[in-house]
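As recorded in TrEMBL, the features of this protein are as follows:
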type: DOMAIN; residues: 75-216; note: domain 'Alpha-D-phosphohexomutase alpha/beta/alpha'
type: DOMAIN; residues: 242-350; note: domain 'Alpha-D-phosphohexomutase alpha/beta/alpha'
type: DOMAIN; residues: 354-453; note: domain 'Alpha-D-phosphohexomutase alpha/beta/alpha'
Amino acid sequence: MASTSTSSLMASKTVISQKALFLSSPEIAKWSFLTFTPASSPSVKPLRTRSSNVTKFDEATNYSLDEDTDQIRRLQNGSDVRGVALEGEKGRTVDLTPAAVEAIAESFGEWVAATESNGDSVIRVSLGRDPRVSGGKLSTAVFAGLARAGCLAFDMGLATTPACFMSTLLSPFEYDASIMMTASHLPYTRNGLKFFTRRGGLTSPEVEKICDLAARKYANRQTKVSTLIRTRPKQVDFMSAYSKHLREIIKERINHPEHYDTPLKGFQIVVNAGNGSGGFFTWDVLDKLGADTFGSLYLNPDGMFPNHIPNPEDKTAMSRTRAAVLENSADLGVVFDTDVDRSGVVDNRGNPINGDKLIALMSAIVLKEHPGSTIVTDARTSMGLTRFITERGGKHCLYRVGYRNVIDKGVELNRDGVETHLMMETSGHGAMKENHFLDDGAYMVLKIIIEMVRMRLAGSKEGIGSLIEDLEEPLEAVEMRMNILSEPRDAKAKGIEAIETFRQYIEEGKLKGWELDSCGECWVSEGCLVDSNDHPSAIDAHMYRAKVKDEESGEEYGWVHMRQSIHNPNIALNMQSMLPGGCHSMTRHFRDQFLEASGVARFLDISDFDNYIGSQS
């Protein structure tokens, strides 16, 4: 971050802030005065406020300040901000308030001005959002915060996360930065913020800096009420431009010999938008390219998500899409998550393609176009996927769980001269070098559709699923969670303690037949996962993967991946086995010989393990 102070940044933007803001909350009426210092003043000072009932900073006040700063910092979720925006979740209180959002948006605006601006013009920031019912009031808070920072804001309305990033690149918009308001597949009560500049999505350390700045602002404001804006920002129709951008890519790359402008004529494609932001892909992309989209599901945005969770990993979402494909004899089914940065598909036979299967399908397409390319995935992928990639001449780099980790690893490899065209996480996040390293669910589907049309033009009668028929799947796969039994502020430290103890137990040989895994140059043993270059990435969550061998034969039959969640105060455990009963054996061994023997079970809820072992006995 540049050395420009927060005070100087705020002062330099005061003229715009003075015009854009007014304070309308009833509580603000008791404030005795507001002082605005013009930007031209030789004595530059930030906006100052004074309350008539100022209290002394005694111990209670200091405790309150600590609680306020912790509240904002806890909203950081890796490279995003997420929290509870509405009442209705059992055991959770609202923490993503308009006042908190305003402080974060203001801090983001100042951060952009300090790191991305050339100093010649006002920073321009766009805001898009998914259809969540809390989006309206929180959008106002974002605009208020941006105005406080001296930024000009542009309202994209209902949008997708990839579109927000593209609004920084596509002419004539080309904003300096963008914010997407979404909580992805989480319940309607949640909401959040994702941040972009023209360089791409912000990293976890960058978001941490912004949240730290926001925490100080929030804690020192004596009324935790968001200001309002006098006039709404300019509304822009960016989604039409983004849709046209996708259409042009499809037309150019298919280059249909008979109907260039309608290359999808003769194909039926069913889209399940899950009442999120993905309906545009049906009427603004597929329909205009000649596709038949009859049978599509839940295209209208509804922030309560009444039909199912908008998530390509959700079984209900995939099963209903499968039923629609089979009922309509469609060529392809598409499932988007809420903000369309993830997707999954269903082939013409009704086979769901997500997780490892989707990575395999995209790898097959990419390796046709870029032979020998490295494919980066998170470390929860199967041994069968590694064989699938290597048999097609590719290289498989297992890396840290977390879509930003996976994408950033691909960027880093390309910078180091390692050709890497695809980065995908098992959750459905996928990014490509050719698409600005952006995780874009619509672009993933675009690539699959182009390949499907090319196959038919080449005379094939097979569906897209034929490309992954030889993918070997694990016989068993299990995911379990362990809630961390501690105060929220201590949960991260307790999670690190448990995971580092796991590493220590394996290194000391206390888990027979288990060893920390590796994939060539990148070692899973230190977070893959230690970076093998001179500029290792910052660790956002601790995790290790161990391969498990049969003690008698020495043959590897499965793996276990233990990681700290960045979303919630818990630890996730994934495991896969190529042998029947392998997951049961690994689970029992993990519980008895590690969790209980090491003592970490005293601050972890291991009921998932007890239940699974009991159900398999």
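Quick reminder: no glycine exception, Cβ is built from N, Cα and C everywhere.
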Could you please provide the mean pLDDT value for the domain 'Alpha-D-phosphohexomutase alpha/beta/alpha' (354-453)?
93
What does DSSP give as the helix, strand and coil breakdown of the domain 'Alpha-D-phosphohexomutase alpha/beta/alpha' (354-453)?
52 helix, 21 strand, 27 coil
Would you mind splitting the domain 'Alpha-D-phosphohexomutase alpha/beta/alpha' (75-216) into helix, strand and coil residue counts from DSSP?
51 helix, 35 strand, 56 coil
